[in-house]
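Okay, structure first, notes after.
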Amino acid sequence: MKTVTVKDLVIGTGAPKIIVSLMAKDIASVKSEALAYREADFDILEWRVDHYADLSNVDSVMAAAKILRKTMPEKPLLFTFRSAKEGGEQAISTEAYIALNRAAIDSGLVDMIDLELFTGDDQVKETVAYAHAHDVKVVMSNHDFHKTPEAEEIIARLRKMQSFDADIPKIALMPQSTSDVLTLLAATLEMQEQYADRPIITMSMAKTGVISRLAGEVFGSAATFGAVKKASAPGQISVNDLRTVLTILHQA
């Protein structure tokens, strides 16, 4: 299986990499949050742009991206607008969503973009090609904050992302029971062993699913999300605790 290298970080080998999400509403809070995050122990900085108020002003969005780049130049920067339908803060049109991601790609400030699988097949394929032409990696994602589908469906979605040439397919699902967590882990393992030719990221959310955020190296998830301050999704644990557990499991 091929790995994905962003800056000096190799994703898809060793312990799962830690991603943290920065959620700030304006330039001033982007700056202050970035300074606080700079001291934390993590691998990839995700900027959750859907929390940013001045979204219609592309210059303002890119000015904020520039601050993040300048504050943490060595950290891979993942640009993510999470749509309202997949658990994000704002709803925008598909056209605006694609335009925003293209602007991020054009800026030269971001290393990776998050692209939701169910945006529309043609738009997704075109945006992946555009990102790759500009040396930007794509994390292709799907989130369900209500339920966990059958393992076959989880695998089908991850394989579809892979067929669309995502660098890293990602799926996050809400368990309604502990057996749903096992479904997610079994699907992850089957995907990783039988179909994946690149790193994947999977997680089961909320307190019930916490084990999935810790056991990625065992089942085949290449990265996990931790919290510096406020969790960006239910079930995230602090980066310091997360690193400790991931290291213990890696060295066992």
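Just so you know, glycine gets a Cβ as well, placed from its N, Cα and C.
Feature annotations, reproduced from Swiss-Prot:
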- S21, E46, W47, R48, R82, R213, S232, Q236: 3-dehydroquinate binding site (BINDING)
- H143: active site, proton donor/acceptor (ACT_SITE)
- K170: active site, schiff-base intermediate with substrate (ACT_SITE)
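The two recorded residues, R48 (3-dehydroquinate binding site) and the residue listed as 'active site, schiff-base intermediate with substrate', have Cα atoms 16 Å apart. Its Cβ placed at the centre, E46 (3-dehydroquinate binding site) has 22 other Cβ atoms within 10 Å. Across the structure, S21 (3-dehydroquinate binding site) and K170 (active site, schiff-base intermediate with substrate) place their CA atoms 15 angstrom apart. Under DSSP, R213 (3-dehydroquinate binding site) is assigned to a helix (H, G or I) in the three-state scheme. The Cβ neighbour count for R213 (3-dehydroquinate binding site), using a 10 Å radius over every protein chain in view, is 26.
Of all the recorded positions listed here (R48, R82, H143, K170), the one with the fewest other CB atoms within 10 A of its own CB is R48.
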